[in-house]
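Lifted from Swiss-Prot, the feature list:
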| type | residues | note |
| --- | --- | --- |
| BINDING | W58 | chlorophyll b 1 binding site |
| BINDING | F78, S84, E102, R232 | chlorophyll a 1 binding site |
| BINDING | R107, I142 | chlorophyll b 2 binding site |
| BINDING | E169 | chlorophyll b 3 binding site |
| BINDING | R172 | chlorophyll b 4 binding site |
| BINDING | K226, Q244 | chlorophyll a 5 binding site |
| BINDING | E227 | chlorophyll a 3 binding site |
| BINDING | N230 | chlorophyll a 4 binding site |
| TRANSMEM | 233-253 | transmembrane segment |
| BINDING | H259 | chlorophyll a 6 binding site |
Amino acid sequence: MATQALVSSSSLTFAAEAVRQSFRARSLPSSVGCSRKGLVRAAATPPVKQGGVDRPLWFASKQSLSYLDGSLPGDYGFDPLGLSDPEGTGGFIEPRWLAYGEVINGRFAMLGAVGAIAPEYLGKVGLIPQETALAWFQTGVIPPAGTYNYWADNYTLFVLEMALMGFAEHRRFQDWAKPGSMGKQYFLGLEKGFGGSGNPAYPGGPFFNPLGFGKDEKSLKELKLKEVKNGRLAMLAILGYFIQGLVTGVGPYQNLLDHVADPVNNNVLTSLKFH
């Protein structure tokens with residue numbers, strides 16, 4: 001976690017001095033054989049060694065590099081608001097919870113990004129009936145935007161959904177607060193599969209990693225990085241779905257088809273009336 005950067009005062013002093021020299025555009029010692037510019041740039045920045053981890057830096061600052069040591073998947077020192085700073089005014093939420101929440105929300109976003117566009121796409125290719133091939137905002141999740149005819153009324157479905165999700169989220173929080181505790185509580189004889197790995201974000205086991213991915217540390221590290229990157233992209237995609245729905249009134253797949261058919265008249269600028 002981010003607080004690992006504070007374990008060794010000597011390594012922190014060295015890291016802070018390296019960052020200070022880079023901001024002053026000073027050359028590193030000749031033994032290193034390279035020099036750095038005064039600004040820490042975005043993804044184009046060459047990998048640097050900070051806290052023992054080689055990584056590119058994205059608009060990192062001296063302060064953010066004091067607690068973001070590269071130990072987290074997808075950590076490039078980017079924290080302009082100081083949300084992960086354990087001692088700063090921005091750190092009003094525990095950094096460990098923020099890192100955990102990003103992974104969980106990224107997984108939900110990846111499922112949502114696919115689930116929101118799937119019915120629309122399947123309807124276009126004729127795999128499901130047109131009456132169910134609806135844009136995501138017309139399925140009843142936003143009542144004014146669409147109607148539906150399910151087995152129960154919307155209030156019953158809402159209460160049922162909240163009860164089921166609330167139970168699952170409560171169990172997940174229990175495991176975060178006390179890792180491994182779910183494997184000690186009886187749960188229909190399945191509790192052994194919920195024992196976890198000691199890391200609540202990556203519980204593993206037959207239910208959460210049935211294919212046994214990440215059997216060694218190197219492959220597990222690569223998979224964690226890929227998951228975080230795709231999760232961040234999916235969260236942006238969900239935001240894009242919302243904006244598209246509000247602006248154009250059609251689903252994301254139809255927006256894509258319209259853009260491909262006529263990119264000059266169907267794009268971000270024309271949709272937002274910047275023309």
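Along the chain as shown, residues are numbered 1 onward.
Cβ coordinates are placed from backbone N, Cα and C, and glycine is handled just like the others.
Taking the Cα atom of each, Q244 (chlorophyll a 5 binding site) and H259 (chlorophyll a 6 binding site) are about 12 angstrom apart.
A helical conformation is recorded for the residue listed as 'chlorophyll b 4 binding site' in the three-state DSSP classification. Neighbour counts of Cβ atoms within 10 Å were taken for the binding-site residues S84, N230, Q244; the minimum is at N230. Same-chain residues that are not part of F78, S84, E102, R232 yet have a Cβ within 8 Å of the Cβ center of the chlorophyll a 1 site turn out to be G74, D75, D79, L98, A99, V228. Of all the binding-site residues listed here (W58, S84, E169, N230, H259), N230 has the Cα closest to the Cα of R107 (chlorophyll b 2 binding site). Taking S84, E169, E227, N230 as the binding-site residues under consideration, the smallest Cα distance to H259 (chlorophyll a 6 binding site) is found for N230.
Residues near E169 (chlorophyll b 3 binding site) in space but far in sequence (CB under 8 A, at least 6 apart, same chain): none are found. Sequence-distant contacts of F78 (chlorophyll a 1 binding site), defined by Cβ-Cβ distance under 8 angstroms and a gap of at least six in the same chain, are L57, W58, F59, A60, S64.
By the criterion of other Cβ atoms within 10 Å of the residue's own Cβ, the least surrounded of the binding-site residues R107, R172, K226, R232 is K226.
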